């Protein structure tokens, strides 16, 4: 019997009941669902590169890349295709199977699309799964990216509809849903999640998950970020999120979206090994690997490989690798930790 069939009609009361289960019961249920759908001892390794940094016109209160706030961020133009491919090649050598490219835009402009499309094509030629996050997408640009071969498009809902206007005013919640719809219409996979710890209530955390799970097709990838407070942003002094609340969010996401990858994204630098291992037990099965995540710190690559080894886990391998030698080397990298830093990653 399937422990958690995919549903798209979750109610507020149902999700609340799951989120508020006794902690041990919640983790047991989430771990059971995870084991029924994934290898519990594999973790997907993704790398995220910032291809254009800062000066974003949006006013997301959590984001140091917003042009509305004074942070110490150095702005960078769209980087050259050749540099992106170089970093993707390094990522593959370090064990990544998925390469994500992010640009601090409200939406990509027509003049940038040829460069963006070329990045996708050349990264895919390396045998890597590709993902981009470029802001809002209309239907035409979504199809253009799909024609270039893009596998995933990331566009987070960020928080619940009820709390959304407390965080962002320059684009609506419906704008985000429309972009996800355009991505689906073009035939790409969806990566969509949110951020917790922005001063929201528990109802907003499970309300976000309800929105994601009730989409016509659930996201194939669900990144759950814990807020990284950055000086100069409006949320720099918000109260810390209780770590058990974060783990509850991971577990509830796993139960509600049993076939999705649940990714530990931003905020891992503030999580000790015990907390991260509990998240893996609760159903998280993907991480961003490397020393930086956009403009914020991420755990050291060596530390990640050491933790994966300590837990007896392995990096997930892709079956369609063009270079079998690289695929075969991933497990050995867990035993022989990477000895050099990755690179600037978004």
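Using the three backbone atoms N, Cα and C, a Cβ is placed for every residue, glycine included.
Summarising the annotation, Swiss-Prot assigns domain 'Radical SAM core' to 41-265. Annotation source Swiss-Prot lists [4Fe-4S] cluster binding site at 56, 60, 63, citing sequence analysis. Taken from Swiss-Prot, the feature [2Fe-2S] cluster binding site applies to 100, 131, 191, 263, supported by sequence analysis.
Overlay of Swiss-Prot feature records on the structure.
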residue: 56; record: [4Fe-4S] cluster binding site; DSSP class: strand
residue: 63; record: [4Fe-4S] cluster binding site; DSSP class: coil
residue: 100; record: [2Fe-2S] cluster binding site; DSSP class: strand
residue: 131; record: [2Fe-2S] cluster binding site; DSSP class: strand
residue: 191; record: [2Fe-2S] cluster binding site; DSSP class: strand
residue: 263; record: [2Fe-2S] cluster binding site; DSSP class: strand
Tally every other Cβ atom lying within 10 Å of the Cβ atom of residue 191 ([2Fe-2S] cluster binding site).
28
Quick one, of the binding-site residues 60, 100, which Cβ has the fewest other Cβ within 10 Å?
60
Out of 56, 63, which of the binding-site residues is least crowded by other Cβ atoms within 10 Å?
56
Segment confidence, the domain 'Radical SAM core' (41-265), expressed as mean pLDDT:
91
Cβ-based neighbourhood (8 Å from the centroid) of the [2Fe-2S] cluster site, residues 100, 131, 191, 263 excluded:
46, 48, 98, 133, 152, 154, 221, 223
About how far apart, in whole Å, are the alpha carbons (Cα) of residue 191 ([2Fe-2S] cluster binding site) and residue 63 ([4Fe-4S] cluster binding site)?
19
Return the count of C-beta atoms lying within 10 angstroms of the C-beta of residue 131 ([2Fe-2S] cluster binding site), excluding that atom itself.
24
